[in-house]
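Input: a single structure, listed below in structure tokens.
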Amino acid sequence: MGGQKTHFGFSTVNEDEKAGKVAEVFHSVAKNYDIMNDVMSAGLHRVWKHFTINTAHLKKGDKVLDIAGGTGDLSRGWAKRVGKEGEVWLTDINSSMLTVGRDRLLNEGMILPVSLADAEKLPFPDNYFNLVSVAFGLRNMTHKDAALKEMYRVLKPGGTLLVLEFSKIYKPLEGAYDFYSFKLLPVMGRLIAKDAESYQYLAESIRMHPDQETLKQMMLDAGFDSVDYHNMSAGIVALHKGVKF
């Protein structure tokens, strides 16, 4: 088959196939996504997200775009920070994840605008948001460079991008982490979500994602300044921050 190639986990696929394959994964895991996050990370994902929210330094009335917002953890935190006079958009390219997130927020009494949106072609005007966030979503995007440029475009001058993502763990822990990721994680997926294959992909996608320094350079290439990152849990995840000047 012709066309440009990209990776889907450890597999090589045509670029125009990847989005559909990623969609299948998240349609499958959406209903069990929150409980699997708690089990897989032993609850640490809540600590990582809390740190991300505290890093933002939002003020009342700010506008926030939560890309690949999934079940709404960050959107909820952003909404509390910007208040009723602010604006928080929950977006995701996957309709199943977006529905779970919207319904979960509604059950908590939060009515936020939602959009089924592709991060590589955001349906928002230039220079609009004070903050753009993407948590555990960038690694699933086919053209990460295009997505980062779109995030830059919709930010106001002085606005901030926060990227929370799995990254490169400290080397002494690689062996144990690989055993957990490739042996235990698919088993947990099968037992809890009845879906070992999707969680095998998630483990592989983490390994294929750019490391801390590579992602930092990608953000600089997209136009961001003052780019830096903070490792958490020995580098299992990293929070990258960049500013649009």
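Along the chain as shown, residues are numbered 1 onward.
Using the three backbone atoms N, Cα and C, a Cβ is placed for every residue, glycine included.
Record features (Swiss-Prot):
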type	residues	note
BINDING	Thr71, Asp92, Asp118, Ala119	S-adenosyl-L-methionine binding site
Using other CB atoms within 10 angstroms as the count, which residue among the binding-site residues Asp92, Asp118 scores least?
Asp118
Give me the largest Cα to Cα distance among Thr71, Asp92, Asp118, Ala119, the residues the record lists as binding S-adenosyl-L-methionine, in Å as a whole number.
17
Counting only residues 6+ away in sequence within the same chain, which have a CB under 8 Å from the CB of Ala119 (S-adenosyl-L-methionine binding site)?
Ile67, Ala68, Thr91, Ile93, Val134, Gly137, Met141, Ala147, Glu150, Met151
So, in DSSP terms, is Asp92 (S-adenosyl-L-methionine binding site) helix, strand, or coil?
strand
Neighbour count (Cβ, 10 Å) for Thr71 (S-adenosyl-L-methionine binding site):
23
